[in-house]
Amino acid sequence: MQKVYNPKEVEDRLYKMWLNKKYFHAKIDYSKKPFTIVIPPPNITGQLHMGHALNNTIQDILIRFKRMQGYCTLWLPGTDHASIATEAKIVEKMKEEGLTKEMIGREKFLERAWEWKRVYGGRIIEQLKKLGASCDWDRERFTMDEGLSNAVKEVFVRLYEKGLIYKGERMINWCPTCHTTISDAEVEYEEKQGKLYYIKYPAKDNSYHVVVATTRPETMLGDTAVAVNPNDRRYKHLIGKTVVLPLVNREIPIIADDYVDMEFGTGVVKITPAHDPNDFEIGQRHNLPMVQVIDTKGYMNENAGKYAGQEMYEARKNIVKDLKELGLLVKEKDYTHNVGHCYRCSTVIEPLVSKQWFVKMKPLAEPAIRVVKEGKIKFIPERFEKIYFNWMENIKDWCISRQLWWGHRIPAYYCRDCENMMVSREEVKVCSKCGSSNVYQDEDTLDTWFSSALWPFSTLGWPEETEDLKYFYPTDVLVTAYDIIFFWVARMIFSGLEHMGKEPFKYVLIHGIVRDAQGRKMSKSLGNGIDPLEVIEKYGADALRFTLVTGISPGNDTRFHMEKVEANRNFANKIWNAARFVLMNLDIDTSFKPDERKFTFTERWILSRLDTLIREVTENLEKFEIGIAAQKLYDFIWDEFCDWYIEMSKPILYNKEAENNKEIQYVLLTVLTNVLKLLHPFMPFVTEEIYLNLPHDEESLVISKWPEAKCYYSADDIRVVENLIELIKSIRNMKTERNVSPKIKPNIYIQTNDKLMLEQKYLWEVYVKRLAGVEKIILSEKVPEESVSIVLSWGVCYIKLKDIIDIEKELKRLTEEKEKLIKEVERSEKLLGNENFVKKAPQKVVDEEKEKYRKYIQILKSVEEQIDRLLKLKRDEIRDEL
Ligand SMILES: [Zn+2]
Ligand SMILES: [Zn+2]
């Protein structure tokens with residue numbers, strides 16, 4: 001073994017070896033149970049960030065653990081085409097060349113997109129390999145590859161034929177910058193400072209008027225009613241009458257609707273069904289006409305009269321000005337409200353009515369709620385189920401069409417001659433109704449999440465009934481951050497139920513996000529992101545992985561500290577050094593059969609502790625308590641194994657003549673091999689490298705057998721060693737606190753009623769002498785004179801003062817200190833005796849001086865006492881010698 005562990009050299013070499021040996025490839029084995037995880041496919045535009053690193057480390061730990069437990073494990077990797085993000089990248093790049101999408105056309109644009117995917121799309125996959133991810137790369141998929149595209153078409157057609165996909169006029173969220181609709185889940189709300197405008201709408205004959213309050217006066221041009229609450233006494237008499245819409249001079253009705261909040265503004269609201277989702281619904285209820293006044297680029301259209309062609313915010317200014325001149329603007333008020341923004345580009349979302357494709361959600365959501373209620377799918381932690389139910393129970397129809405080119409084109413075709421619409425798996429060239437060949441395909445593509453919703457079964461070959469699908473579906477656990485529960489998890493659940501008739505996974509393991517050391521979100525704008533690849537380069541993937549998972553608990557965020565990475569790199573080195581030590585003292589191989597009667601109580605102790613560790617880590621991993629398991633492994637390896645057992649084993653290990661020398665070697669090798677196995681899922685590289693250097697039976701840790709607990713437990717031995725460790729640690733601490741040189745070996749006097757410790761003193765005393773630096777251990781009922789006492793959980797340990805200090809040296813030091821103190825006292829007395837000082841100096845200074853004086857006197861007294869005590873000790877010693 002190399003003297004120093006060099007992760008850089010080791011990691012690449014081992015990863016290549018694992019790939020060559022096909023350890024990650026899942027070969028169907030009917031004699032084994034399958035264990036499947038599908039990766040949350042990263043975007044092809046993505047670069048590995050700490051969130052991915054955490055997400056994939058967790059998946060890799062689970063997969064490696066299950067692989068070692070003997071499951072037929074499949075971790076299926078792949079990438080997502082990320083329609084909106086990728087299209088934005090291509091558009092941006094074309095902009096540099098002075099080109100737009102429209103200029104080059106759909107076909108040329110898609111060529112560019114595929115080329116971009118070819119060059120950059122594999123980047124994140126390579127980065128996942130650096131992390132050590134044990135994915136089955138032979139099964140890597142892409143949401144737009146042929147198979148998955150067929151699956152998408154199949155689902156679309158099936159749902160359409162069932163009446164679960166429809167085209168309809170609906171209020172949608174429009175992003176004027178991205179030029180596409182986005183789903184409700186993609187709208188981010190943010191508090192904004194705005195203005196509330198109060199506008200007067202008069203009656204035709206001016207006999208009455210109402211005042212409406214709005215944050216968006218430009219939409220008034222599209223008003224088709226004003227509404228009041230039916231219970232509002234102030235306006236009851238006006239219901240059914242009309243007012244004249246200012247600037248447009250259109251007569252609109254005053255209607256009553258429960259939706260209107262009597263407390264808000266004046267209690268009268270304008271209704272613009274074409275530009276507000278709530279107004280849209282009121283419009284539907286009251287059969288109001290829809291007048292669209294803003295176009296898809298954020299400009300006023302031909303319905304806006306003299307404002308047509310003006311940009312929305314410019315029109316707002318002009319309208320407010322005109323209203324003022326007409327005396328119809330009653331007042332303006334500052335107002336904070338929640339405004340929806342595009343999650344991609346942060347542009348303010350424009351609610352628009354348009355013809356789009358929708359998935360009817362109610363019938364799909366019901367079974368998806370049921371499987372979670374029945375416990376067929378479990379969220380970890382459970383609290384996320386509430387959020388899931390809340391979302392699913394209030395779900396609206398899902399708008400799935402996007403005005404983008406990169407993605408799955410909607411398989412709907414239209415006839416230009418008879419307006420017939422056809423939805424088909426195959427390309428349609430001839431109209432099914434009139435036979436015309438003047439047919440074209442829908443220009444829009446599908447929401448990216450439409451294809452990722454099918455991920456757990458489309459990647460296994462669906463709609464074909466493949467062997468993979470039969471064997472590996474449903475998958476076992478889905479590992480994800482909490483921010484995409486709705487985007488993705490909920491949609492996978494109803495898709496799996498609808499198309500496979502079975503839930504797509506049994507567990508949804510939710511983790512938090514990785515924050516910086518101060519608890520802030522890592523972000524580009526703050527510049528506080530840490531690149532996982534740089535961390536791997538410097539400290540190794542094992543250190544990064546272990547740092548990410550230590551102490552995490554499901555659903556909760558973690559903070560990333562660089563110092564922890566360093567500490568975990570040191571942990572890897574600690575194991576490396578321990579292994580080198582074991583290896584250097586080893587002359588047995590794995591065929592050695594120990595005589596267990598030759599084990600001492602320390603061997604029985606460490607084997608008991610190992611057994612407990614195996615049982616607990618296995619249980620923790622079964623329950624997804626990864627953070628707890630990591631901490632237990634760290635503590636056991638660092639403390640119990642390296643710091644204690646190895647140290648305790650040395651005398652026998654070094655003594656080749658000892659009759660149990662080989663038994664000790666055997667225990668060292670056994671414990672080491674087992675902890676390497678337990679630690680392997682967390683730190684795959686350093687553990688494998690050590691394992692292959694030790695005498696070993698199995699080809700590689702990756703495919704080795706997970707350790708099993710043997711129910712080995714020896715309560716007495718555990719207690720004796722724990723007491724022993726307590727005693728050694730206490731003596732060491734006492735020495736450090738009192739500055740006692742480690743070379744000084746005092747006698748210790750122990751008072752105890754602990755029968756076991758008394759009986760077995762002959763066993764443990766040798767360890768205390770060697771590891772705590774002690775000369776003699778005396779069992780004593782009496783408290784020795786002038787001694788330090790250490791209280792233990794099983795008795796009291798006394799050490800005579802004269803045994804730990806050099807009396808002459810200490811006397812000299814104390815005498816010097818006494819002289820210094822006397823000088824200070826004299827100086828202070830003189831100063832305080834000076835009337836001038838006491839009278840003239842500020843009171844504060846005088847008080848401080850008095851306080852100083854008091855302290856000097858006190859310390860002086862204590863020093864004199866110590867000197868007296870030491871002089872007495874010295875006299876006793878001389879007398880003893882005589
Ligand atoms: Zn946008
Ligand atoms: Zn036709």
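Glycine too: its Cβ is placed from the backbone N, Cα and C atoms.
According to TrEMBL, the feature domain 'Aminoacyl-tRNA synthetase class Ia' maps to 14-558.
The motif ''HIGH' region' (42-52): residue composition by secondary structure is 3 helix, 1 strand, 7 coil, according to DSSP. As annotated by TrEMBL, motif ''HIGH' region' applies to 42-52.
Feature annotation from TrEMBL assigns motif ''KMSKS' region' to 521-525. If you average pLDDT over the motif ''KMSKS' region' (521-525) in this model, you get 86.
DSSP assigns Lys524 (ATP binding site) to coil, not to a helix or a strand. The ATP binding site annotation in TrEMBL covers Lys524.
As annotated by TrEMBL, domain 'Methionyl/Valyl/Leucyl/Isoleucyl-tRNA synthetase anticodon-binding' applies to 603-746.
According to TrEMBL, the feature coiled coil maps to 804-880.
The domain 'Valyl-tRNA synthetase tRNA-binding arm' annotation in TrEMBL covers 806-870.
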Same-chain residues at least 6 beyond the ends of the motif ''KMSKS' region' (521-525) whose Cβ lies under 8 Å from its Cβ atoms: 49-50, 513-515, 560
Within the domain 'Methionyl/Valyl/Leucyl/Isoleucyl-tRNA synthetase anticodon-binding' (603-746), residues counted as helix, strand or coil by DSSP: 104 helix, 0 strand, 40 coil
Number of helical, extended and coil residues in the domain 'Valyl-tRNA synthetase tRNA-binding arm' (806-870), per DSSP: 61 helix, 0 strand, 4 coil
